[in-house]
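S.K.: Dropping a structure here in structure tokens format, bear with me for questions.
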């Protein structure tokens, strides 16, 4: 592809604004700012030990997880990049206990930005793909946000995306009109459109789950995975392969490209906690992307994007990816009720 014929993220968004007339200018600018912040995060991730950003920071986030230095740095990059542009009323991050209102000395906008600044950060020190996940909502209270302003079901998202910092840095985006992937051209610093209208195959022979937790799973998940593992001699009559990167962005990106099902179920170790992944920061944005690509996403009992949030850091079980497989494991949950 010649440089002159490349479609950059900026050009793509402007063309979308002209063609569909459903991409407001402030939302377009917000997406571009988030994408620029992801470039900065990518740069810091790629420096590794040379940037003195590996290892833990000696602190814990609101979930009680030990924070990596790059967790904190990535969070600061996103806050600093977005607080002054006039597009946002407030932000919320997986790394912060409460939401972040736009300071009074900056103009405020009508949108809310929700993000996981560095998903899969347990993989930082071993150089495995990690990423950033984000979601955009409208502020129902105009420009004066409260915590309640964020507690909207995923169906209210106006944009969602993620960046993967791997062999290439990619930025995957939906604004409710399909899913597109942009690759970072490091030489010129531009996001270049490399995949349009991405679609997840309805059927798959790959699944992603942390099998070390098998002894803790509830019966519907055990049944489903046992059938997959039985291969050609089992009830499915086919062989399936397991893939598990322990980085949601990397696992979902693989599924978006070649199909599969990603599962992070609730289990018996914490019966009072429904799952591990965060609804607002991980499950909702990824579900929006997956559904826009023709896939499905449920908690096992409910469409994820229809869950009514009750708190910023609410957790849910997650089953997402190829539609027929998600519907099958969801059906097993229905049968077990």
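Cβ atoms are placed via backbone N, Cα and C, with glycine included.
Note that the coordinates shown come from a computational prediction; the quantities given were computed from them, not determined experimentally.
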S.K.: From the candidates 83, 94, 147, 148, give the one listed by Swiss-Prot for the same Mg(2+) 1 site as 116, 118.
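M.R.: Checking 83, 94, 147, 148 against Swiss-Prot: the Mg(2+) 1 site match is 94.
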S.K.: Figure out which of 15, 19, 227, 282 sits with 116, 119 in the Mg(2+) 2 site per Swiss-Prot.
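M.R.: The one candidate that Swiss-Prot places in that Mg(2+) 2 site: 282.
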S.K.: Among 180, 197, 210, find me the residue Swiss-Prot lists at the same substrate site as 119, 120, 121, 122, 276.
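M.R.: Site partner of 119, 120, 121, 122, 276 for substrate, according to Swiss-Prot: 210.
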S.K.: Return only the integer: C-alpha distance in Å from residue 276 (substrate binding site) to residue 282 (Mg(2+) 2 binding site).
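M.R.: Cα to Cα, residue 276 (substrate binding site) and residue 282 (Mg(2+) 2 binding site) are separated by 10 Å.
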S.K.: Which one, from the binding-site residues 94, 116, 119, 282, has the smallest tally of other C-beta atoms lying within 10 Å of its C-beta?
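M.R.: Each of the binding-site residues 94, 116, 119, 282 was scored; lowest Cβ tally within 10 Å is 94.
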S.K.: Sort residue 94 (Mg(2+) 1 binding site) into helix, strand or coil using the DSSP assignment.
M.R.: coil
S.K.: May I have the list of same-chain residues other than 94, 116, 118 whose Cβ is within 8 Å of the Cβ centroid of the recorded Mg(2+) 1 site, in sequence order?
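M.R.: Neighbours found: 71, 74, 75, 93, 95, 115, 117, 119, 121, 132, 133, 281, 282.
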S.K.: Taking the Cα atoms as reference points, how far is residue 121 (substrate binding site) from residue 282 (Mg(2+) 2 binding site) in Å?
M.R.: 14
